[in-house]
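According to TrEMBL, the feature compositional bias 'Polar residues' maps to A:1-10. Residues or ranges marked as domain 'ABC transmembrane type-1' in TrEMBL: A:95-283. The region 'Disordered' feature in TrEMBL is assigned to A:1-23. Per TrEMBL, the feature transmembrane segment maps to A:39-60, A:91-118, A:130-154, A:166-182, A:224-246, A:266-286.
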Amino acid sequence: MAVNTTSASHTPRAATRQAGAPPQLRAIRVHQQRIIKTVILTVTSLFLGIPPLSMLIFTLRHPLSGRWSLDPWKAIFTADGSALGADLSTLWSGLGISLGLCMATVVIMLLLLVPVMVIAHIRSKRLERIIEWVATLPLTIPAIVLVVGLGPIYRWLSTDVLSSNPIWLCFAYAILVMPYAFRALTVGLNSIDVLTLCETARSLGASWARVFFRVLLPNLWQSMLSASFISISVVLGEYTVASLLGRMNLQVALYQLGQSNSQISTAMSLLALLFGVLLLVSIDLISGAMRRSKENNQPCL
Amino acid sequence: MPLTQHHVVPSETPMQNNTASVSKQSVTQAAQAVLAESAERGGGVQMFGIDKIYAGSTTKALDNFNLEIKPGEMVVLLGGSGCGKSTALRSLAGLEDIQHGRILVGGQDMTSVPANKRGMAMVFQAYSLFPHMSALENVEFGLEIRGIGRAERKRVAMEKLELVGLSDQAGKYTQQMSGGQQQRVALARALAINPRVLLLDEPLSALDAKVRVQLRDEIRRIQLEAGTTTVFVTHDQEEALAVADRIGVMHHGRIEQIADPTTLYRRPTTEYVATFIGLSNKIPGSSNGTEAEVFGHRVPLLDGSASGAAVNVLVRPENIILRAQASDTPGARAHVMMIHFLGSLVRVDTIVDHSGIPVTVQMPASELPTGLRNGSVVTLEPLPIPALAA
Ligand SMILES: Nc1ncnc2c1ncn2[C@@H]1O[C@H](COP(=O)(O)OP(=O)(O)O)[C@@H](O)[C@H]1O
Ligand SMILES: [Mg+2]
């Protein structure tokens, strides 16, 4: 996607720059550029494509016997791994936990970030910068270091306050997804004049609650959706924190399953990856569709 | 040169031309016609001793700001950028906390009433339409808050859209409308709730010149029809003069002078007002407080004039007579620097000999001495029309 947009915006500029050159020369340059673009595109696709492709082949071809079969996929979709001598129950519980974690994390993230960011956006530019800095911190701190700090907290949480249920990982995950969610929400906030809209609504008689639900949320839902989708894909792929804190989730289950049946585990990883990609693509599709629906309504002046 | 403004309305013997006096008259009639209704709604505004200091700032954005507005009146707050116009308006709307002072609307204390309970409506410069709502839904917004039923809401909203000439654009969204149309919708939305006070913060500043003039006149027409008490903030004096019942000239967080346009032009009370509204020549002279001597002539002075041996007398360009060289009467000898033809008027820039003071003279084109050109020697005489000494 990114490659497409850059090349599209590149072509007209390149064309105008070379408008003065003789036609043959221009043709050669255009040709050269096409080659460069193709090379870049190919290398990138190979770089991104080979690992999943290898994974796919690995799931289809038994590493020892070299026999091709769909058995690992059948095992996943029939939920029965006995044919391959694997116990899939851990996988299902890991998947269930991860899905639960996705939901809990998204809810916490939205409840935490949306009001705070809106208020900071309205109230003070300085506060907004501080929040940005804080929200970006998790990116700069390695997960292992994070766990060192989270360990004692979770020991205390699990013994005294809550339980050792892995769902409580949602608090740690809310921190992990913050940098990504923050970016997505910032885009939404910057696309409208939040302050003017709030003040207009206030002066027309709206309570703060109404301002929030009737004016701000309808204009922010798209970026909230992006923030949620990104959060979900982060949570689905999270291994380090869960594993080091000794909690079960999808990735931990996949790892464990990989010890006994690496083919099924790899197939499941592929599915998780595919799901993540679908989420990210759908963000793009949704915003594209919104843009198009607006453009279609252009006034015919 | 004190002559900063160059497209000034009052130059043609200000406010006396026919159109101005006609509209002045209809203003008064209309204002009286709606007075009763407005008084009922409690439309008068009083702001007393307002101080506002923004957090993190040391200067007062409003410094003992006072303003009284009669029901149904349109007051324009006029002043340069940063003088506190928006702050005054936002304080009235309840969008800013004030440190000191009181705000009354219709005799009712509003000082600590939150913005959404003040029954006012604000129109901003731009970007104030709710992007997820159509024009019609935008106009319905305030009515919806007031719990008005769907059908009635739609009826009122359509009526207001019609008032601003946009009934055929009801289904359009922000990004499908021009800037002028968006401001019309914003105006309709504000009018729909029948506000006690309509607040307009530079509503035309983002529009191009033609639309600006058109919408400005329309705002005035609609305001007169509805009799809505209105505060209109602008930095454009032409705009102010065109729509105002009274203009408050703001400077350093307070109103320097508030008066109808004619008074403001003819009887400014401060140097700032005299130079901000229209053109004024700053001519050194001596004053005893009631009379000044300028170029050897006596000029009566306005209230509030300074006295002393060395004051500046602020004389309007049309209050100076320019004679071609041959003249025995007292006056200042000057050289013509530049002649500007402004249609029916001529403006002549001169430099007084010896002192080097720049003086601009304005006269009907028919009275321009024949043969006058750049470098001509002329005599300048002030007319005995009251001026301000500062
Ligand atoms: N939110 C704010 N924080 C700090 N200072 C402000 C703020 N808004 C306005 N000011 C200051 O208050 C003064 C008056 O501003 P404003 O009322 O917006 O002026 P105007 O509308 O006449 O251009 C200016 O000096 C401006 O810098
Ligand atoms: Mg302003």
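Just so it is clear, glycine is given a Cβ too, placed from its N, Cα and C backbone atoms.
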Taking pairs 6 or more apart in sequence, does the count of Cβ pairs under 8 Å between the transmembrane segment (A:166-182) and the transmembrane segment (A:39-60) hit 3 or more?
no
Could you give the residue numbers and ranges of same-chain residues that sit at least 6 residues beyond the transmembrane segment (A:91-118) on either side and whose C-beta is under 8 angstroms from one of its C-beta atoms?
79, 128, 131, 135, 166-167, 169-171, 173-174, 177-178, 181-182, 185-186, 189, 194, 212, 216, 220, 224, 227-228, 231-232, 235-236, 248-254, 257, 264-265, 268
Long-range environment of the transmembrane segment (A:39-60) - Cβ separation under 8 angstroms, sequence gap at least 6:
3, 68-70, 72-73, 262-264, 266-267, 269-270, 273
